[in-house]
Amino acid sequence: MQTHTKYLLASTVLTSGLIFCAGNVAAQDTTSSSSAVLEEIQVSARRVSESLQTVPVSVTAIGASMLEDGDFTDLGDIQKMVPNLTLHVGDASNAVVYIRGVGQVDSLAFADPGVGIYMDDVYLGRAQGAFLDVLDAERIEVLRGPQGTLYGRNTIGGAVKFVSKKPGDTLAGDASITVGSYDRLDVKASVGGPIVEDKLAGKISAAYLSRDGFATNEANGKDDSDKETWALKAGLYFTPTEDLSIDFTLDGSESHPDTSRTPARMTSVFGAAEPNDDPFVIAADFNDLNKLDVYGGAATIAYDATDSLTLKSITSYREMTYDTHLDLDATEFAFFGIYVHEEQNQFSQELQLSYTSDALDVIGGLYYFKEHDNTFAGVFGPVIAFVSGSVNDQHNKSYAGYLNTNYRMNDRLSLTAGIRYTKEKKDFDRIQEFFSADTLLPVPIGQGARVTDLTVDDTWSSWSPKVGFDYQINDDLMAYVSASRGFKSGGFDGRSNSADEAIPFDPETMWSYETGLKSTLLDGRMTLNIAGFMNKYKDLQLSSFVANPDGSFRALFTNAGRATTKGIEMEMLARVSEGLTLQGSLGYMDAEYDEYIGPDGSDISDMRHMVNSPKWTARLGFNYEHQLQSGGNIRLMGDVNYRSKTYSTVSSSEILAQDGYALVSAGIAYVAEGGAWEVALDGKNLTNKKYLSHGFDLSDSLGYQLGYYGNPRTWGLSLKTRF
């Protein structure tokens, strides 16, 4: 406890020192040109529109221009932009999102995510449906730290908010085509504007994204990990009166890669296949299926009852269908394969009341969430003449009420206090059958026919409070401190083989303490934000593969530990001159298990490292625009981002750990006078760094380890037009 107190004291002292230094800089620099000031960034981190520099929350906002200039194609591209964030495609194409060491790596539906992902204030319940292609985005917000009070369940680590563009007052549109390495072809188009002046507007956006795979399958000569995606978004926006707005939105995407993503062999597999010399030259006996279809719609109604009182209703329905065919031995032999088919649908309803006055802002509401997930998983392989199949059917219901207040005690000091109560119920049914006991290899994977038929249910409830103070030192400097609690849902182990194994695991809970500073310097030409945090969380939900006494193996998912993560984050944006802008971020994190109870009941915390928790993350980038005498602009972009050593498995496998590495990206664009069209060339991972993103440690069960690598060097050439 003394160490934690010292850490918080150090963070407070550092923040105070920066306040003093920043105040001196701001006071001394009063002569800079107003034409070079930064534009104010608006965010909705507290469910209302506020300036990024005045909201007492650790939040990173990535605007539309940055998304376009950086050639962002999906949410995975934002990892480099945010300190202490890990975000990538995991196995089964689920979104693996970790913020400040908090998240979830398991891809099955029984394991809820630790970071909530939202599309226009609608929570996306399943990880597979959360990895959205970036289409027509106004901005993406990444909120760090528990967001339980305003956002609810499964935001223990934070939240990622996807905010869509709305149509303007005049008809406008854009279109782009991108070609690039690995036969990349992306086509995007968007158009929107008024349909009935001042009453009705509409917008529609569409995209087609495709490329060949980064890897070659030597077993059949085909590409591996290629992709093809169709996406569509549409909306109608009614304003029948000045006090009433009604928004209807629809979205859908169909992803049909020709192949599933095959991992690289990091160790010998059954003595029949050695580790891959090149992670992009693999061997698999199949790679023919990976399909994800996601559809959804939402209706948002807002009514201004008075100048101070607003009522809002957010109603949404979404559904997802997912199929994957995964070669889990990563060889040309049919040792071990998995097929998964998942169907999920969800309905949510939120009723919100907000009140604003000179001294007090209040947001309160009621929330209901209902989800049904049905997953079939089959294990097969003719060399191991063994087949098993299981069906998990899960119904989730969640009810919540929340209240958040912001009281301005005087012109400078404000108090934030909020609380949320959540109650949820889960019904879980599982049927599993083992169809064959014959094997050609002595691999213990549950030999002998047996049938599992489970029906279990349970109910959990949780309080999520928050309290904080923020102090506006002057117009350009704000300091804040807060304490908040978040939780991640409990549930049932979706791999249970008996009633004894189907014991429910409890919700994961965390208390987070944070202090920070937000500053605007150099007469509006620079922003510098810093935050220090300490998270204490318990009942960690952890999964691993363990051996049974009879020699078979099973995956275990249970509450196994306690942990502490603490660190510091800094973000900087500076307009060095009228044409040159610098961006930088730095994250430091010390993440350790305080307790980790292994399968045998012993504490193995000293032998484990927390997953996706690099000690250092850093980025430095620039954007330079130069106006040509002949008209038009030249734009240059570049950045380098760094991540220190990262463990990707709960077993802390050194083979699957990635040492520190840096990635370099750059681009150049010509923008025609008036911005009517532009042509851009960009490159990512220019040094062609080979780096592990995650993997499977099957060494305690099947005896080998498999790894997934990040994207190699790529380039793209784009032509964009606007009207």
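Using the three backbone atoms N, Cα and C, a Cβ is placed for every residue, glycine included.
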Which of these ranges is annotated motif 'TonB C-terminal box' in TrEMBL: 256-273, 454-471, 616-633, 706-723?
706-723
Mind checking how the domain 'TonB-dependent receptor plug' (52-159) divides into helix, strand and coil residues in DSSP?
23 helix, 36 strand, 49 coil
Segment-level pLDDT (mean, integer) for the motif 'TonB C-terminal box' (706-723):
93
